[in-house]
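Q: Okay, these came from TrEMBL:
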COMPBIAS  A:1-11  compositional bias 'Pro residues'
COMPBIAS  A:41-51  compositional bias 'Basic and acidic residues'
DOMAIN    A:63-207  domain 'Globin'
REGION    A:1-58  region 'Disordered'
Amino acid sequence: MQGPLPVPGPPGAANDGVQGAEEGPRAAIKAGPGSGSPACDPREPEPEFLRATRSPPADTMVQWTAEEKQLITGLWGKVNVAECGGEALARLLIVYPWTQRFFASFGNLSGATAIIGNPKVQAHGKKVLTSFGEAVKNLDGIKNTFSALSELHCDKLHVDPENFRLLGDILVIVLASHLGRDFSPVCQAAWQKLVAVVAHALAHKYH
Amino acid sequence: MLTAEDKKLIQQIWGKLGGAEEEIGAEALTRMFYSYPPTKTYFPHFDLSAGSDQIRGHGKKVVAALSTAIKNIDNLSQALSELSNLHAYNLRVDPVNFKFLSQCLQVALATRLGKDYSPEVHSAVDKFMAAVASVLAEKYR
C-alpha cells in the first residue's frame, strides 16, 4: 500500500502562488499577534485519550464493494485531470465565492470569465485533482494517504473542512456534465461516497 | 440573493429541458435515494424500486412545484406558502435533506445539459435551490 503523500517543501519554494504556507488566509484577514489559533497550535500536546482515536481498528475502515471500486476506477480512467480539476476549482470559486478567501494571491477573480481563464486557478485545480487521484489509487488506505495533507490544511492553510465537502459535490457535478448518461445513479452514489471519504480524511488530522 | 441574471439563466435552462422535466424529477429522487440512503426514511410507504410509479409520481410533483417557483421567482415566499406550511407542520423533513435533493437535481440536469450546465448556470441553480429550501424551512420554528 502506498504511504502518505509528501508534504510540500518550504513555503515560497514551489507553492505556485497559494497563500504563504505559514499564514494561509490569516494574512488576508489581518491576523493579530500570535496568529495561530489555540485549536491549531501544534505546540499543544495532544491528550492521550484523543491519541487513542487516531488509529482506529481495521473494522472501522471504509468498506468498498467490488462494484463501487469498479465504478470509481473505471470512471477515473476517462477523466481529463487537468481539465476537470481546473473546472472544479473554478466552479468552487464561482458558485461559492466566499471560498476565494483562500486565494487572494491568485490575481483576477473578479467574475466567472476571469476565474475560468485564470491560469493559477487552472494549475491549482489540476494539482488538487491529481492529488485526489491518489485516493482512487488507494481506496483502502485513503486516511493514511491524506494524513500529511490533512495536517497541512489545518496547521498551515487553515481551511475549514466544509470546503472539502463543497469541492467534492462540485466535482461530482463536473463529472456528470462531462459523462452524461454514463454517470448513472449508482455511479454517482459511489462517487458521492468517495468525495465524502476524501473530505473526511482531509479533516481527520484537524485539532 | 438571486440577481436578475440568475433569474434569466434559470428560466432559460428550464426552457431547454424540452418536456423532460418529469423524468428529471424522478431521476433526481432516484439519485438521492442511492447517494443519500437516509433520505429513504421519509418514504417508508413508497415502493422505492427503480422506475416505480410512486417515484415517478412524486418526481412529477416536485418538478411541478419547482416550475411554479420559477414562474414566480420574484415572490418565492408567497408562491410556495402552501408547501412551506406542509413541510413545517406535516412533513417536517430535516432541512439538511434539501441540499441532497439540490445536489441530485443538479447532477440530473448536468448529465442532460453537458456544457450547457455552465458555471454561471450552476451557480444560479444552486442559489435558486437554496432559496427554495429556505422558503420551505422558514416556518419550521
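Just so it is clear, glycine is given a Cβ too, placed from its N, Cα and C backbone atoms.
Model, not experiment: these values are computed from the prediction.
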Q: Mind tallying the domain 'Globin' (A:63-207) by DSSP state, helix then strand then coil?
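A: Helix, strand and coil residues of the domain 'Globin' (A:63-207) number 117 helix, 0 strand, 28 coil.
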Q: Check the domain 'Globin' (A:63-207) for me and report the mean pLDDT.
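A: On average, pLDDT over the domain 'Globin' (A:63-207) sits at 97.
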